[in-house]
Amino acid sequence: MMNGKIDIKNLTLDDLIAFLAGKGKERYRARQIFKWLYQKDARSFAEMTDLAKDLRRDLEETAVISDLEPEAMEVSRDGTRKYLFRLEDGNTVESVLIPEEDRTTLCISSQVGCAMACEFCLTGTFRLTRNLTAGEIVNQICAVRRDVPVRNIVFMGMGEPLANLDNVVKALKIILHDDGLQFSTRRVTVSTSGLVPEMERLGREVTVNLAVSLNATTDEVRDRIMPVNRRYPLRLLLDACRSYPLPGRRKITIEYVMIKGLNDSLEDAKRLVKLLSDISSKINLIPFNEHDGCSFKSPDQGAIDVFHSYLLSKHFTVITRSSRGSDISAACGQLKGKLDKNVSGI
């Protein structure tokens, strides 16, 4: 609620149908409003000219259309863009747009801060402040699309998406709906550090791609760098990956942050092959992006090449991700801090 009014951007189409039914309005009105919000980017009810004036007046009295505008934006040497959004309560989140030859990918946030405390991640050094609403999640996409076209959406920004599953699922239903933002399920990926029960629920409620931040091949190492592993160790996590419902020939993305001397050896590569032998997956190797919040180091190029080559020799689909946006602290594991501090003059 905002000033006693409902934020209409927090409503799925079914929610909006129910909201309007309480006003005695027809179901098709909800579809009209949805299209105005997400396909015509309406930011006021007055713009919705195919709605009766009395309905527009009623909506203005009982509802608001929330919005986000970037407070700041930085552009990396490689074209990556980082957007800072200030929320209604003064908190901030960041989104990152990654341009590639044939597409653009928008990395969006789902929480202010993060409670997962992954040792290699700068965002994890900021305590969780709160969950984002569905509207705050969706509005990141709406705002960036006013600047540049967006083809892919990844929930890999600030926060653990599955720790805010109610609002993330609502946002996904808006993102995927034909009357909403109209993204194909193939173009939307949700990343998790490994919240097993929530992985199962996500698979039941929506059809999206799944990325799992694995980063270790033994429980001993994963316990150290990802506290979530103490609750859901590798055995449970990999079982959840095996049972996650993906249509057709799609694969789960396994994200593997390579850290020098910790998880970058040939033996790690061999264990990874065994762990994933019966899971339909593709592997993203992510050389660790060094930052002031952590003493870990990036792996040597030779170690990366050996690791990559071994996975290829075992017929895995594998990509070694280049570091995008590291000069503006927009690379994997670097979100939150620098841009906000620059704006605030700290």
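Heads up, the Cβ atoms here are built off N, Cα and C, so glycines get one too.
When the candidates S191, S265, S277, S309 are compared with the S-adenosyl-L-methionine site entry in Swiss-Prot, which names G159, E160, S213, L214, N215, N289, the shared residue is S191. Checking each of the binding-site residues C118, S191, L214, N289 against C107 (disulfide bond) by C-alpha distance, the shortest gap belongs to S191.
When the alpha carbons of L214 (S-adenosyl-L-methionine binding site) and C121 ([4Fe-4S] cluster binding site) are compared, the span between them is 13 angstrom. Counted over every protein chain shown, other Cβ atoms within 10 Å are most numerous around L214 among the binding-site residues C118, L214. Max Cα-Cα distance over the annotated S-adenosyl-L-methionine binders (G159, E160, S191, S213, L214, N215, N289) is 19 Å. In this structure the C-alpha atoms belonging to E94 (active site, proton acceptor) and G159 (S-adenosyl-L-methionine binding site) are separated by 11 Å.
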